[in-house]
Structures are given as structure tokens and as C-alpha cells.
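Record features (TrEMBL):
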REGION    1-73  region 'Disordered'
COMPBIAS  11-41  compositional bias 'Basic and acidic residues'
COMPBIAS  52-70  compositional bias 'Low complexity'
REGION    88-125  region 'Disordered'
COMPBIAS  99-118  compositional bias 'Basic and acidic residues'
REPEAT    332-370  repeat 'WD'
Amino acid sequence: MKRGNWQGRGDWGRADQRQHHNPDRQRERSSHRSEEYRFERGGPGTSQNEPSPETASPSLSQSSPAPELPGFYFDPEKNRYFRLLPGHNNCNPLTREGIQQREQEGRRVRLLEEDEKPRKKSSRAGLNSTILFQKRHLGLVSETSYCRLIHELKVSSMRRHKLEVQSSDSSSPNTDNFKLIVADSACERVFTVNDVEHGGCKYGIMNFKGCSEGSLSVEMCDNLYFTNRKDMYNQPGMLCSFKISTAWSCAWCLNPQADKNFSTGLSRLVIVTDAVTGRRQTYGINSDVLAQQFALRAPVLYNGCRTGEIFSIDLRQRARRGHGWKGVRFYQDSAITSVRILQDDNYLIAADMLGKIKLWDLRMAKAVQQYEGHHNEHAYLPVHVNEQEGLLLAVGQDCYTRLWSLGDGRLLRTIPSPHPAGKDSVPSVVFSSQLGGRRGLPGLLMAVSQDLYYVSYNSD
């Protein structure tokens, strides 16, 4: 390696001459020196008398990034290389995973600081409410487009507020991590699932009340249900119970032709059960069913499998031998984590474990739109659709909540988690056009760790 390009800390020649005086101290110094190096952006023939990076022109410094060296990490702030120590047993080892976590945490903190600013830019250049209103007044924008673009502006200016949950027992605040939240159709009640200390889960219901000024009040009901109790099948409020083992997914049918039926996705099996009579209909397949949803206009069940296959089952047809009962059938490139049918049941949205979210036209079995930016590698993560606001939402494995335009796939907003990212702290979210009832405003409810947050539209 030529002189002037890479410099260690100290004179290597003089260090070698002094090695015989104190071998232990010399080995310690050599080991310390081998863990960090200074990088200078001179070329291979640069002499020590040429300008240093600090005196060189800014354009030259910015256009010459530090090259990657196997086994080393370059810190741009300290302008040095540091040796990576895989499997090192020091109390603070420098590993590639630790470096990535530090960089990701720094990015999350910066985005949180940006989110606190009162005004944020829209994802579309030149889009603001004044211009939109003028175009609408002149008839240059249709009513549908005007409403959709106004919602996009509102999304870009959403603000986060921490909610305090009221309870009849104020002496016992929530100390269990949220695992899942699901809202009812009116979004006045939210079903919650929390981890409990001694295993199992705690199920509960929260009542929400919103007002036109944008505030939201939360009250926890007392009807808690614990899965780790011995007599778990005779708890108050339980109407019926079905023991189905190794279930991956489930869905309830809202179509009047089969409104008392629910489905369960298992390993290599789909079970459709009548909740009143207990009668079951089974469908054998060759994969695990990870995601399910019923269409609204017809009693048709859509299933997403670990193999990436998506297929439909029409409950009006009796099960046939083989796979002749499968209706629509197509594939994505990885395991399906979520399927969502739109109000126009010719369209379906599916997400997989490669982070791909696609809009499918079921008539052609063809993907017609893709939503870029979602992050998922191996987690079971749902997607959420709000057609009234024209939005698609998903929480990634990186703990960021992303909102897309449902129509054109544009990424509108990326919301960082209020807590450091981790596999046990992935937020669970609910979005509603009237969060808290008829007087509520559109907004996002986010549950992460033990806290609950409300990310709301501006009330103006």
C-alpha cells in the first residue's frame, strides 16, 4: 500500500525497533492500532505534502466516498476505519449488526423530530389547498380527484398525540405490551390483545369517543378475558367456543347468504364452520393458509398461502374431489401475509414476505398496481385499506407505518415508531374516517409496547 494514502496512528518503523524493550506493552499497542485507521481521500500517488481532506474542495470530498474494506467499517464522522469484530466477547463489540442498528435508530430519531414540525411538505410537488380550491372552483379538477388530493394533504400534516387510557380501576395502569388492536365497523370500540407476564394473552375492549375539534377519549372496559386460565371455556360473555388447533388465520363472513359462517386456515387445510350448528366443511390443500378474507357481495372466501398462491372458494358450491373447487387462482413470489378485498370485489390487495404489496384484477388474474416501500422479510404483517379516504396502510418489519395513495400507488407518508425498533415492538394500527364515532375525525390509532397514540388530521 503506497505511502500517503493510509496512515496508522503512530510510526510503525519505530514501534518495531522498540518491540524488544517491552513485548507485552508492544502487543497491546499493536492490537489497539489494528482496530482503527484514518482514511485520506488522496489518490494512489498522493504525497504527504498535498492538501488534506479538510483543505480540499467540498466537491472533491463529496465525490470521493470511502471505499469498502473487508472486515472494516468506515465512520464518516470520525473519518476513520474501525475493525469489525465478529463473535468478539468484549462488552461493547463493533459488529455490522450493531452499526446498522445504531444508524437505523439515528434515522428514526431524526424522523420523529421532523414529525414534530407543524408543517410538512406534500408528497406531490406544488400541491397545496389554495391551488386545489382554485382549480376546483374553475372546474379543472373533478370532485373525486379534489377529495382524494385533499386527503393526501391532510395525511402529510397528521400530528401524533399520546393517549391516556381511563379505567374504572385507576390503581392498575396497563403494564402489558399491546400485541394487536382491531376496530369495529363504527370505530367506536377497539378490540385489544396484550401479552401477559406468565404466558398467554389478555383480551380487552376499549371505548373511544371523538369530537369535531379533533380530541379523542379512551376508556378501558372491565370485561377482560385471559387465555392462560384453566377454565378458559366458561368465562363471562363467551357465546360459543370451537377448539381448532394449529390455526394460522381466520375470517368471518358478512354476506347474508352465509353470515353465520367463519373460516379457519390451517396447515394444508381450510375449515368453514357454521357458528350456530357447528357443522364443518373442509378443503384440503398443499400449503399453510396464512391469510383469509370473505368478499362482501358473495359468499366467496379468498385465501393466501405460504407458497405464494392466492385462491378463492365459493361456499355455494359443494367441495369436489381434487382441487376442482378452487375458483380464481394466481401467485405472488413469496408467502402471503395479508389479503384484502375492495368494495368492488373484482379487486384484491395482497402482501407477501418479500415486502411486495400488489393490487390484483381478479377478472384477469393480473397485478395492475404495486405499492413500493414496504419492508418485510419474514414477519406476519397485515395491510389495511380505507377506501373512503383512498388510503392503503401497512406497518413494516422496520416498525415504520407507511401510507400510500390507493389509486396510483404513491407513497404519501412514512411515520416512525415512537419506540426503538424491535421484533417485539412492531406497532399495531387502526385507521378510520371517523375515529371515535360519527363526530370523530379521520385518524390513525397506533399501539406500540405499552402505549397508545393518536395520529390525527388537523381539525381545520
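Here the Cβ of each residue, glycine as well, is placed from N, Cα and C on the backbone.
Source: prediction; values computed, not measured.
Break the compositional bias 'Basic and acidic residues' (99-118) down by DSSP state and the numbers are 17 helix, 0 strand, 3 coil. Across the repeat 'WD' (332-370), DSSP helix (H, G, I), strand (E, B) and coil residues number 0 helix, 22 strand, 17 coil. The average per-residue pLDDT of the prediction over the repeat 'WD' (332-370) is 96, rounded to a whole number.
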